[in-house]
Structures are given as C-alpha cells and as structure tokens.
C-alpha cells in the first residue's frame, strides 16, 4: 500500500517527491548498517572483556583451584564441550560470539524493519503534505495552462475545477490509506514495543548499576557502556521516528490550509473541511496501546532507568 503507484505525484516547482524518497532511502540504508554494527559490537566487546580477564588472571593452560571457564563468561550458556583448559574456554568464547551474532541479527532485523516502516510512513506523509500545498500548481501543469494561471472562480473553467476536485479526492484516498497503514503498524508492533521498552528500562538500569561498581580501567566497563548505548539507540530510534510521524501529521492541517483554496469550488472547500476534521487528532503510534511513541516517552524511560540504578546502588 505504501508503494501504490496511483499515489505517485509529479514533480512541480520546488516540490520534488523523488528527492524526498531518495533522501529517506539513503538515511534508511545508513541507519540499517549502523544498527547491525552496533548490535554485533555488543558480543564483540563482551568477548574482548572476557578474554582480557582470562589472559590476565590465568597465566597457564589450566585453571587455578575453584576457578572454571564459567567465571569468565559474560553471558551464561551451556558449553557442549570440555573447558578445563584456557584454550577450551577461548573456544567457548568464540561459540558464544556465534550465538550472540545470531541473536543480534534477529534483533537488528526486527528493529530495522520496524524503523524502515516508520520512515516510509513518515516520508509518504511528508510527500502528501507537499503535494497538497502544490495541488493548484500541479493541476495547472497537468492541463498545460500558463504557469501563473489565475482565475476568480474555478467554476468559470469547468475542466480545471473538475481536475482540482479529482486531485483532492485522490489526495483524500491517499490520506485514508496512510491512516490505515498506521493502524496496521500499530497492531503489529504495539505490544512487542511494550516488551522492548520494559526490557530496555530494566537492562539499562542494571548496566548502569554494574558499571558504577567496575573501575573505568576494566574492559568490562566499556563493554557495559557499549551494551547500554545499543539499548539507548534501539529505544531512541523507534521513539524518534514515531515522534516524526506525529509531527508530520500535525502539520498536514496547515498544508490543507495553504493549498490556495480561495477561488476553489464549493465541493472542493467541503472536501478540505472534511479532511481537516479527519486529521484533527495527530497520528500516534503507541506502546502497548496506552503510551504514545514519542521522544517524551524515551526521556521518561531513561529517567526511570537512572532512578532504578540509583536505588540499586543505595540498597547494595
């Protein structure tokens, strides 16, 4: 539905939908690459930290008394082979990297898909805003009329008025389709985003608490910082793009008002009023159907994480 060709608009003056789409695609590609790299680095930084501890604490091939490979593992998992030597433990770290890499791939793919849909929806709303503002110029160009064609009342040129009304109807159908897409995205991702947000809150608070106990010269400190950064970026991106959709939807009413409707026909003006009523409330993607996906939500989660980390530190 987001790629429906009937809602592709022609370039007119400063309105260039192709440039808007190309810019969004480039940003989306860069975001996807950075997301994969950032998530893969979580496992990589954990490996470096564990390997540093292993090499500094165990000088020989065998472990000292009461020390096992699990004491150096940053993440617990069942090791399916013997790790009685440091070499075996290093092999276990490599196996851990494989598992973390697969998990990072799944999580990054999910986040990239979700954010790509949000970027696409935001881009389509942005194009719709610009297409609505330039509706008269586009109709003039389509009918091959003079560039600065003006008329006291559109009804005086029936062909022009009919084309204006047909165009506003097409824009209205496009708006309805985008609203439908927003509802579908909400239904697909709302509850998983809730789980993701709650998990981010707990994990971020735990990372901050543990990082406060580890000296900054320890590689584990930087591993925790990298993990926290990945969690923050994950939540920030979905909140940021959700916030952009809300802002663009808010601006659409102003786009309707700026579409040079003064000389338009009565039915054209009625269509604009109906569309204004339709978009009276801004679009909100929510977290679990109760909290809007905005930057304010991101700030609230981060503040709560710091508060819980401070509580953990006080209780410890």
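A Cβ is built for glycine as well, from the same backbone N, Cα and C atoms used for every other residue.
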Query raised in the report: According to TrEMBL, which stretch among 147-166, 167-186, 227-246 corresponds to the feature transmembrane segment?
Result: 227-246
Query raised in the report: Between 11-32, 33-54, which stretch does TrEMBL give the note transmembrane segment?
Result: 33-54
Requested in this report: For the transmembrane segment entry in TrEMBL, name the matching range from 62-83, 194-215.
Outcome: 194-215
Query raised in the report: Restricting to the same chain and to residues at least six past its boundaries, which positions have a Cβ under 8 Å from a Cβ of the transmembrane segment (194-215)?
Result: 221, 224-225, 227-228, 231-232, 234-235, 238, 287-288, 297, 301-302, 304-306, 308-309, 312-313, 316
